[in-house]
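Q: Reproduced below are the annotations present in Swiss-Prot:
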type	residues	note
BINDING	Thr11, Arg15, Thr264, Gly307, Gly412, Asn416	ADP binding site
BINDING	Thr11, Ser12, Ser13, Thr264, Gly307, Gln311, Gly412	ATP binding site
BINDING	Thr11, Arg81, Glu82, Tyr133, Asp242	sn-glycerol 3-phosphate binding site
BINDING	Arg81, Glu82, Tyr133, Asp242, Gln243	glycerol binding site
Amino acid sequence: MAYLLALDQGTSSSRSIVFDEEGRVVALAQRELPQIYPRPGWVEHDPMEIWRGQLATARQALASVGLAAWDIRAMGITNQRETTVLWNRRTGQPVHHAIVWQDRRAESTCAQLREQGHEALIQAKTGLLIDAYFSGTKLKWLLDNVAGVRAQAERGELAFGTIDSWLIWQLTGGTVHATDVSNASRTMLFNVRTNQWDAELLDLLGIPASLMPEVKPSSAHYGEVRPELLGHAIPIGGVAGDQQSALFGQACFRAGMAKNTYGTGCFLLMHTGAQFQASKNGLLTTSAAQTTAQTEFALEGSVFVGGAVVQWLRDGLHAIQGSAEVEALAQSVPDSGGVMMVPAFTGLGAPYWKPEARGTITGLTRGTTMAHIARAALESIAYQSAALLLAMSRDAVAAGAAPLAELRVDGGASSNDLLMQFQADLLGIPVIRPAVTETTALGAAWLAGLSSGVYGSTDELSSLWRAERTFLPTLSTGRAAELMAQWEHAVRQTVLA
């Protein structure tokens, strides 16, 4: 039996998962990651804490089932995207805390870029909109605001990377400075059409090219783990950003296949194949995980408040004691009783892009109970995801492709049967929950397995993917359209409020 080790470095925790060659979870270890908030709107992580925690979980996962490093055929890495690290090449020490993807300190730089008319250029090259979310302006902030850093960078003494690059550097003892296309595509510095760092964009942001890691396919050889770290050298064979890794772990290998990850927010990606497809509906174009030098793309949209609305019911309204109670409370009523909740607590993301929107609850009557509000809260997750998916389908049809035939789902909230059934009802297509829900880590393991010869092709991986449950739509298309029209009316009210 071949085993694969996936390092899954996320925003709130570092995890290591061992899979067997059938894609089953053999061992899992997790360590929480402290969050650092120096100022309002700023979010940081300690890169050394990330490294120490990730290494500790790898050791713990192996030890928990009596495996040794020589039992592992290959390692895959998946990571929180956009989070930015800058470190000294000689010492391997970071020059500053990592600036996390949620951090908004670079908004003024983004505003300047928009005012200077650079949005069309950046979108054409990167597939992204100008936003502080992405790594490029975070890196510029470090160069401009940390004493002595720009001079060191211009002397070639520093290295930049997203979290995957940082872990690869540490795992290989500083012998490999690399990233994969999916992570590179989230920096706002990478030309997704040419698969190269873009000299014009680097110059625009004043970033020395010497900082940048080598870009490889997602399934490739990234060096070997130093033997003294885990007891034996392990080849690093797969790397992908978390959402692209989840798309791969859901076996969405062909154009037109899509997955939605239901977490604190929701992340929806649809594979679009080898064609760069610019969205006309407020979505981002991003690189999908690549198993060869052939470029692969995906459309991506994010819902800012997904499962977080359940946390708000618990912590803000004190409507429930624990998040697990929400499904039973929502099921105690047949529907939301006309109540519609739009949880625009931090504005609305794709496809609306309305940062000024604020949350609303409409349709309240004397007969409204907390159960109706709980149901409306759950349904809001499905409405937002449906709006995203309908936008993706419009883009697909405009490009001559077929509309989406099914949606594969993962993430914590995908275990909620009521939510998944309502999602299928709104979309009018099957919603499929996989047997293995650790799809992000599984994607990294599969990428490593391909490059190390455990698997021969993505067709072989497709045969390993298994559904746990399929939710079929029960509403007529007319009724689903009525509900979506009511949702869109409620969304318009969030901007008027």
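Cβ atoms here come from the backbone N, Cα and C positions, even for glycine.
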Q: Same chain only, sequence gap of 6 or more: which residues have a CB within under 8 Å of the CB of Thr264 (ADP binding site)?
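A: Long-range Cβ contacts: Val305, Gly306, Gly307, Ala308, Gln311.
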Q: Which one is closest to Arg15 (ADP binding site) in space, judged by CA to CA distance, out of the binding-site residues Arg81, Tyr133, Asp242, Gln243?
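A: Checking each of Arg81, Tyr133, Asp242, Gln243 against Arg15 (ADP binding site), the shortest Cα distance is to Asp242.
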Q: In whole Å, note down how far the CA of Gln243 (glycerol binding site) lies from the CA of Ser12 (ATP binding site).
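A: Checking the Cα atoms of Ser12 (ATP binding site) and Gln243 (glycerol binding site) gives a distance of 15 Å.
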Q: What is the total of other Cβ atoms whose distance to the Cβ of Gln311 (ATP binding site) is within 10 Å?
A: 14
Q: Tell me which of the binding-site residues Glu82, Asp242, Asn416 ends up closest to Ser13 (ATP binding site) in space, Cα to Cα.
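A: With Cα distances computed to Ser13 (ATP binding site), the winner among Glu82, Asp242, Asn416 is Asp242.
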Q: Between Asn416 (ADP binding site) and Gln243 (glycerol binding site), what C-alpha distance do you get in Å?
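A: On Cα coordinates alone, these residues lie 20 Å apart.
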Q: About how far apart, in whole Å, are the alpha carbons (Cα) of Tyr133 (sn-glycerol 3-phosphate binding site) and Thr11 (ADP binding site)?
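A: With distance taken Cα to Cα, Thr11 (ADP binding site) is 14 Å from Tyr133 (sn-glycerol 3-phosphate binding site).
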Q: Determine the most Cβ-crowded residue among the binding-site residues Glu82, Asp242, using a 10 Å radius around each Cβ and all protein chains in the structure.
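A: Sorting the candidates by Cβ neighbours within 10 Å, the top entry is Asp242.
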Q: Let's check the environment of Ser13 (ATP binding site): how many other CB atoms sit within 10 Å of its CB?
A: 14
Q: Please list residues from the chain of Gln243 (glycerol binding site) whose Cβ is under 8 angstroms from its Cβ, counting only those at least six apart in sequence.
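A: The list for Gln243 (glycerol binding site) reads Arg81, Thr261, Phe267, Leu269, Glu300, Thr440, given in order along the sequence.
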Q: Which residue among the binding-site residues Gly307, Gly412 has the fewest other Cβ atoms within 10 Å of its Cβ, if you could check?
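A: Candidates: the binding-site residues Gly307, Gly412. Fewest Cβ atoms within 10 Å: Gly412.
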Q: Can you tell me the three-state DSSP label for Thr11 (ADP binding site)?
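A: SS state of Thr11 (ADP binding site) = coil.
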Q: Quick one: among the binding-site residues Arg15, Arg81, which has the most Cβ atoms sitting within 10 Å of its own Cβ?
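A: Counting every other Cβ within 10 Å of each candidate, the maximum falls on Arg81.
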